[in-house]
Amino acid sequence: MADDTADGAVGSKDGRRNSSDWPAPAGGVELVRIGQRDSLTVFDGSSALSSGSVAAANDSPLRRNQYLAQTSSNGRMKKIDFVLTYHQKHDDSVVASAGMESSEQRENELRNALIDALRVEGVDIEAPSSSGSKDLTNGDDSNGNYNGGDDIVENENGGDSSETKIKYLLLHATFPLLARYAEAIKLQMPLRDQSLVDDANAAEGTPIDVEQAQFDCALWRLFRHSSDNAGDRNDLFTAPFQKDRPEMFAIGDRPEDREDFFTSAQRSLLLHTALVSLPEFNRCVSTGAIKEAYPLHDGSHKLSASVSSAQVTGCDNDRQELNLLWVSARNWYRFQPLMLIRRYFGEKVAMYFAWLGAYNMWLLPISVLGLVAFIYGIASVWSDQTVNQICDDKTGAGNLLMCPVCDQACDYWRLKESCMYSRIVHVFDNSASVLYAGLVSLWATCFLEFWKRRQFVLQYQWDVATCELDEVPRPEYTKLHALLRGSRYCFSMVTVVFMVALVLAVLVGVITYRVAMLVVFSSISGLGVFMSNLRLITTGTAACINFVCILLLNQLYKRLAMWLTKLERPRTETDFEDSYTIKMYCFQFVNYYSSLFYIAFLKGSFAGRPGDYARFPMLDGVRLEECDPAGCQVELVVQMLIVFVAKQLLNSATEVGPPLIRRILGSRRQKQCAAANAADSNKPPWLKDHCLTPVDHLQLFDEYLEMVLQFGFVVLFVAAMPLAPLFAMLNNVIEIRLDAWKMVALMRRPVARRARDIGAWFGILTSISALSVVTNAVIVGFTSEQIPKLVYQFTDGRGSLDGYMSWRLSLFNVSDFETQSVPRIADSAAEVNVTQCRYRDFRYPPDSANRYEYSTAYWHVLAARMAFVLVFEHFVLVLKALIDLAVPDKPGVVKEEMKRERELLRKALFTHAKTN
């Protein structure tokens, strides 16, 4: 479902800083100890948590593998915070004795320089091997009990003599380094003295607690995990860390407790910040001297048989707890444990899942309304006057003779042959769909306004409202001359325009296919039922072909966009991601939506009329496509169903499929990893994690892109497909659990990066929301048949739709056909002596003085269409603006709580200064 806080209210501050994240401070503040999850006991600071180091005496071999072989001066083991990997064909001694310059020797020199720089920074380093672990911090060897050995990279030439070994460097960040970088990035940490907060809460309670209590009903608790299970345990007062004032913060009194102060996620963030700030590390990455860098998972994700399905009792680590509460299919209806996700993966990952959960929960009401509109369409299809006129060949318009749909090969046909088509059209194009389109446009605004409020609450709860994301240059960044950089940007723009043109060329090809299929199958006799549903069949097959082309172009452009972005040499990771996002989304927008825009807005509008058809000048005079007498709505629906629904199913398969396929059909190295893991449960965790799918800073890009494209399908064309929100919601229920499983079980642990929001994606969502007002207005006004029906009712119909199809279709003398359009009618054809036929348009009959010119009805309908679009658009936009003004972006209770915290912080600083 969504997240762990009531979405209609401001999230409770209770548990925003989890007690399991911090060691026990002095001063009597009780915190839950995660070191003993099975009992969830309380401790007072006399023993330390296992964040950075543990006592060496009481650890199992499995837990001991999470630490370096070397110990500190007080006998405590040091946690592995990061792993660096590199490839090596020869031992260091062999390379050194060669006495010549080589790429391998150069890489060794760069790595040695990096090791020296890390040692200066305050990082302990070990290089594990099958014979033991070499302590690179002080240059001595330590005979640890690791038996990890060296991993093997498969060589194309075969043979063990040319195999490349994967070597590992295990890093442990000392407290001085962590403290230095925590202060640099203004990391919020809990204060030692919590008495001010306790007294204030006891006296009046926090405003957030008061508001949250209003939503604490039995039904709401059904969808929430218990506070013990969701990471919501204690409320701690935090402040930006200051390395010169460690006594202010919740650090134990013993010297070794400093190593336990930061959580494993925070340690990975701080050490990664230190790494990327080193020029030596950037040189190693850019030259390939260091292949990969990643933090370790906190143990196995597999649950033991003793773990309860309802409680976290028995979980050894947060990863198992996530597997139990987040990944498990039995919890599909429950809110996500966002606090736990944030604690383990960091704010950036948690922010994505918070947005996805909120989006999915907001899809629920609009999905119900869409289902109601769909059911109404089905229920009223047999009583609709227009449909009955088309299907009735006795007293209705079903016996009207229609002009051929293609040149020469196509025959005349009766309107009743469009009966099934017209029934399908009515299911999706009825009076309820007009109201529903307006509601969805307003819904999109309400959702985005809500998310802004929810996002602000999360910023406050996660202590990232004022975080500064100062970035260092990317390792691949090189300063380019302004002229060279400008030429590369121009090349990128030209390439993007070319790819967009290629998408449009594919669209023209699909249009040509539809026309060609109509010609080919219409010339074949004896097809029976196939001929009566020819338009539906060609539409479906064309949509499938278009979808395949979309997938192929998507894979081509994804690689091209990555290459173009690297060619531009962006300075920071944010610059890289923004540039890549713009390229990818612009292309994907055209790739996925171009066919829908064509059907909704262009198809049939410029086809001409019998005797004067519009044609493709470069395709041997092929006629432009026309719409069925019932309209183009069915083709839009079919295109939506195939592209949208098939895309969701394929994305779900491709997200989980590749990691599983790599496990089953992977390289020899991966098979060796899998076999080793199965044979030895105590295998070093760096080797186990290396076998998992790598992650990078673009880890969430594909996830966001998929959901933003889905949001576009939901709001841009919902007037044609009211079931789109329902399909999206059902997909997302599965999507959340698949993404959770992928992150917990199949992928390496990402660096716990911080984030204040969802980045540039919110601007894209806002633009889509505004564009949806126009697209839905045009679909209802110009693609739908609702406006012509209303015009007829209020003019010639006198309040009724009787005779509407005869009024909607114009007459044409077959003697006025162009030579290339005259049908070749066989003697056995049903219609031989034909003098007139009908076509879909508003034109004067052939016996009129203004023959074949637009009739008065055409101008009445056009004026009504334009008036509807303008009124609909302005009315909805005004309502959207009013909603935006009426709903503040920042909840008042949160602003009040932030003000309260600032006052408490000033008091705490004053008290500390006075005491010291």
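Heads up, the Cβ atoms here are built off N, Cα and C, so glycines get one too.
No curator has checked TrEMBL annotations; they are predicted automatically.
As the structure is a computational prediction, the values presented were derived from the model and not from experiment.
Summarising the annotation, TrEMBL assigns region 'Disordered' to 1-27 (among others).
The region 'Disordered' annotation in TrEMBL covers 126-159 (among others).
Marked as compositional bias 'Low complexity' by TrEMBL: 139-150.
Under the heading domain 'Anoctamin dimerisation', TrEMBL lists 156-338.
Look at TrEMBL and you will find 341-901 tagged as domain 'Anoctamin transmembrane'.
Per TrEMBL, transmembrane segment is recorded for 349-379 (among others). Taking Cβ pairs closer than 8 Å, the transmembrane segment (349-379) reaches residues 1-3, 7, 335-336, 338, 341-342, 426-430, 432-433, 435-436, 439-440, 443, 446-447, 450-451, 454-455, 458, 462, 699-700, 703-704, 707, 711, 714, 718, 722-726, 728-729, 732-733, 735-736, 739-740, 743, 750, 752-753, 755, 757-758 in its own chain, all 6 or more past its ends.
TrEMBL lists 433-451 (among others) with the feature transmembrane segment. A Cβ distance under 8 Å defines the sequence-distant neighbours of the transmembrane segment (433-451), meaning residues of its chain 6+ beyond its ends; these are 7, 355, 358-359, 362, 365-366, 369-370, 373, 377, 711, 714-715, 718-720, 722, 725, 762, 765-766, 768-769, 772-773, 776-777, 779-780, 784, 786, 872, 875-876, 879-880, 883-884, 887, 889.
Annotated transmembrane segment per TrEMBL: 489-516 (among others), in sequence order.
Counting same-chain residues at least six beyond the ends of the transmembrane segment (536-557), those with a Cβ under 8 angstroms from any Cβ of the stretch are 420-421, 499, 502-503, 506-507, 509-510, 513-514, 517-518, 521, 530, 584, 587-588, 591-592, 595, 634-635, 638-639, 641-643, 646-647, 650. If you look up TrEMBL, you'll see 536-557 (among others) marked as transmembrane segment.
Long-range contacts of the transmembrane segment (589-608) within its own chain (CB-CB distance under 8 A, at least 6 residues past either end) are made by residues 500, 503-504, 507, 510-511, 543, 546, 550, 553-554, 557, 614, 623-627, 632, 635-636, 639-640, 643, 647, 709, 712-713, 716-717, 720, 775, 778-779, 782-783, 840. Annotation comment: TrEMBL describes 589-608 (among others) as transmembrane segment.
According to TrEMBL, the feature transmembrane segment maps to 707-728 (among others). Residues 356, 359, 363, 366-367, 369-371, 373-374, 428-429, 432-434, 436-437, 440-441, 443-444, 585, 588-589, 592-593, 596, 600, 633, 636-637, 640-641, 643-645, 647-648, 761, 764-765, 768-769, 771-772, 775-776, 779-780, 783-784 of the same chain lie 6+ residues outside the transmembrane segment (707-728) yet bring a C-beta within less than 8 angstroms of a C-beta in it.
Residues or ranges marked as transmembrane segment by TrEMBL: 758-782 (among others).
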Which residues of the same chain, at least 6 past either end of the transmembrane segment (758-782), have a Cβ under 8 Å from a Cβ in it?
351-352, 355, 433-434, 437-438, 440-441, 444-445, 448, 451-452, 455, 577-578, 581, 585, 600-601, 605, 636, 704, 708, 711-712, 715-720, 865-866, 868-869, 872-873, 876-877, 880
As a test of reading the model: what is the averaged pLDDT for the domain 'Anoctamin dimerisation' (156-338)?
73
